[in-house]
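For 2-121, the entry in TrEMBL reads domain 'PLAT'. TrEMBL lists 83 with the feature Ca(2+) binding site. What TrEMBL lists as site 'Essential for stabilizing binding to COTL1' is 106. Summarising the annotation, TrEMBL assigns domain 'Lipoxygenase' to 114-669. Annotation source TrEMBL lists Fe cation binding site at 366, 371, 546.
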């Protein structure tokens with residue numbers, strides 16, 4: 001007889017405990033053990049939350065190298081069948097070899113479940129070494145669990161699920177996350193002291209009335225409230241606010257933006273041509289919104305403009321707005337506004353821009369380019385790549401909670417009765433128009449921050465902290481991905497012949513980018529370099545990019561005048577007609593304002609089971625080399641964080657959204 005030492009690690013998730021009987025079978029290259037009930041001195045507490053329990057499985061002869069294990073659990077006497085969350089199983093063979101089997105899945109029934117030994121294998125290696133059908137069985141089951149669906153034509157496809165409960169349990173929120181998420185929205189209303197205002201369909205009486213509603217303030221939200229009217233802060237937000245994705249260097253004015261030198265340089269101190277040659281003129285064009293049908297809120301028509309904004313980098317390295325046109329087509333009733341106009345003419349022009357920016361940010365920059373793409377990456381991974389594959393091990397931490405949060409967004413935010421639909425100017429029909437237009441213009445290069453920054457001509461723009469931190473993080477992630485994938489793929493031929501890898505990217509091309517070749521998204525991988533770049537983009541999108549455009553939502557949008565969800569009066573058709581009263585009339589009603597505040601509060605609220613970038617509580621890798629590479633990755637992130645904090649220490653407005661310890665590993669909120 002030979003003995004195998006088996007250690008079962010039960011996960012530390014809430015409700016991971018099971019008092020059912022647990023059975024195991026070891027399957028090796030030369031044989032298999034009998035199905036054995038796992039019993040130790042702990043008795044019924046062997047599989048409680050966080051338990052580490054040791055057992056012995058005896059075989060008549062050695063089973064060779066471990067290939068997989070079979071686990072099942074059965075009801076004990078009159079106890080009910082209970083869900084169980086095993087984290088991993090470690091087996092020490094009589095030959096002295098140690099095998100690790102990562103699981104990290106809920107077992108909710110009494111069926112037999114098969115799990116591969118944890119050495120990361122590509123498909124051709126697995127077939128060569130073991131000739132096992134377990135891999136195909138796993139993917140067949142997953143393709144039944146994770147099915148594609150079409151939410152709306154013209155946008156990325158999504159998971160087929162009616163509600164979070166229809167998802168497989170291993171991808172749902174933890175109990176802690178579920179409870180916190182459920183109560184955070186209510187907490188938002190209460191903590192913000194908005195519960196008495198949520199049904200109020202009247203206008204704001206005055207700014208004091210609005211100030212009273214804005215009771216809860218973060219440090220940054222307080223700064224925004226104090227500085228939102230200032231031109232320098234208006235320009236700052238295009239670089240370091242929650243939407244740094246639209247600004248680009250302007251080398252020639254658009255033909256529909258007839259700004260002249262005397263309009264923006266009235267004293268003749270410079271000219272647009274000279275400043276453009278120097279690289280000092282920048283443009284933000286909201287043409288994406290042109291002709292979008294705005295919503296109706298509280299029975300009132302809303303207004304959503306498609307502005308053009310011209311900005312100038314001053315000798316003091318400040319980015320200042322110098323001209324705003326609120327509609328795309330020049331006309332006598334579409335004046336161009338300037339800082340030299342009256343206080344409220346200029347302010348109302350900036351308010352319309354900020355409202356446009358809110359709607360583009362939420363739908364294009366935030367929802368489409370992080371949430372919906374992350375869902376595509378996740379569904380394709382779960383359908384096409386088995387747990388034993390190195391790509392699965394590398395990417396699965398960056399998919400955590402993504403499917404459930406997106407289902408909740410479709411149910412609670414963008415559905416017919418969703419908060420965004422009911423209280424934003426682009427809710428309803430306009431929302432789908434914007435998403436389709438955004439999708440039509442999305443490119444692979446725009447998802448890769450080094451190329452995106454270069455294409456927008458922003459490499460040398462000063463005080464651009466999103467760019468500086470984002471490029472550093474991209475490089476750190478890219479180096480990590482290169483090292484890990486380089487360990488498994490020694491040449492381009494190995495990438496080409498990995499059918500699971502190819503199915504993953506093919507599904508992404510078809511279901512995520514709707515088979516459009518002009519996006520630049522690869523349809524297949526032909527080299528290690530190509531694979532590394534794409535996986536870097538996936539991790540960056542799901543972690544850093546999402547953090548950059550999500551985490552500061554309450555900071556910048558909590559104070560409504562800086563980011564109105566909607567506006568209910570048309571913009572002025574001539575100058576000299578705007579004052580504080582007309583500004584208040586233009587702002588969204590009280591209920592629209594407070595629901596918007598509560599939503600951005602919810603979306604900015606970090607949960608206690610937050611998993612920061614580079615930290616993998618469920619480490620699927622078992623080999624020494626990738627585990628060491630993860631450690632190096634964490635060390636580089638720590639070094640980067642120290643440098644960012646040192647820089648922030650001398651800034652009037654610290655940029656914190658890409659500090660690694662504040663960046664969630666996945667699109668989890």
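Even glycines carry a Cβ here, placed using N, Cα and C.
Whatever TrEMBL says is automated annotation, not expert-curated.
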Taking only the Cα atoms, work out how far residue 83 (Ca(2+) binding site) lies from residue 371 (Fe cation binding site), in Å, as a whole number. 29
Long-range same-chain neighbours of residue 106 (site 'Essential for stabilizing binding to COTL1'), Cβ under 8 Å, sequence gap at least 6? 83, 84, 85, 168, 169, 170
The correct DSSP tally for the domain 'PLAT' (2-121) reads 3 helix, 55 strand, 62 coil
Cβ within 8 angstroms of the Cβ centroid of 366, 371, 546: which residues besides those meet this for the Fe cation site? 365, 367, 369, 370, 374, 545, 549, 550, 667
Tell me which residues of the chain lie with their Cβ under 8 angstroms from that of residue 371 (Fe cation binding site), as long as they are six or more apart in sequence? 402, 405, 406, 409, 546, 667
Using a Cβ cut-off under 8 Å and a sequence separation of 6 or more, which residues in the same chain sit near residue 366 (Fe cation binding site)? 242, 549, 550
For the binding-site residues 83, 546, the one whose C-beta sees the most other C-beta atoms within 10 angstroms: 546
Overall pLDDT for the domain 'Lipoxygenase' (114-669), taken as the rounded mean: 93
